[in-house]
Amino acid sequence: MNIFRLLGDVSHLVAIIILFLKIWRSKSCAGISGKSQMLFALVFTTRYLDLFTSFISIYNSVMKVVFLVLAYATVYLIYTRFRSSYDSENDSFRVEFLLIPVAGLSFLENYDFAPLEILWTFSIYLESVAILPQLFMITKTGEAESITTHYLFFLGLYRALYLANWVWRYHTEAFFDQIAVVSGVVQTIFYCDFFYLYVTKVLRGSNKMTLPMPV
């Protein structure tokens, strides 16, 4: 564990808590992509199956349980508790265009052709693109509430810190996980335009981040 990994985990947790509290306190999931949240729940499920087969540390186990609980609690709020506020019309990204290629790639490119390893690889690939339905929804509606953009910012910060973590581990441990690093870079690229808009619009006091409407 190094400072970049720790801060990355904290940023990831903060992002999920921000989203959960936003929905719970406002009693609305308007502007939130249920499809992205379902994909993230699937990411945690397929990645943390080793929770039942191996023990690394109390910290590791607790974080896995917290991420799983919050992910499925968020999905529950969106699709059950506050379903009437869910904008299914604009949450229209075709997730099969992500799931099918990711599943195929996880069978072709992995470190070991074993069930848990393939599912772990699937989770890494899927996480790199799971945010796309949310970004697509923001682009389609043309705006996002500041609380939603804070959520996205901390998710992006988590990925950036994990890139720093991999650089640190490469130089201090000679450790390099090609699948995780490449997927993390791809995911970070998706956030680049968002980071610029976040800094120039949200941090300057706007309650909403307005984007150019798609043609």
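Just so you know, glycine gets a Cβ as well, placed from its N, Cα and C.
Any TrEMBL annotation is an automated prediction that lacks curation.
TrEMBL annotations:
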{"type": "TRANSMEM", "residues": "6-24", "note": "transmembrane segment"}
{"type": "TRANSMEM", "residues": "36-56", "note": "transmembrane segment"}
{"type": "TRANSMEM", "residues": "62-79", "note": "transmembrane segment"}
{"type": "TRANSMEM", "residues": "120-139", "note": "transmembrane segment"}
{"type": "TRANSMEM", "residues": "151-168", "note": "transmembrane segment"}
{"type": "TRANSMEM", "residues": "180-199", "note": "transmembrane segment"}
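Between the transmembrane segment (120-139) and the transmembrane segment (6-24), fewer than three CB pairs separated by 6 or more residues in sequence fall under 8 Å, so the two stretches do not touch. Of the candidate ranges 6-24, 62-79, 151-168, 62-79 has the most C-beta pairs within less than 8 angstroms of the transmembrane segment (36-56). Residues 32, 37, 63, 66-67, 70-71, 73-74, 77-78, 82, 145, 147-148, 150-155, 157-159, 161-162, 164-165 of the same chain lie 6+ residues outside the transmembrane segment (6-24) yet bring a C-beta within less than 8 angstroms of a C-beta in it.
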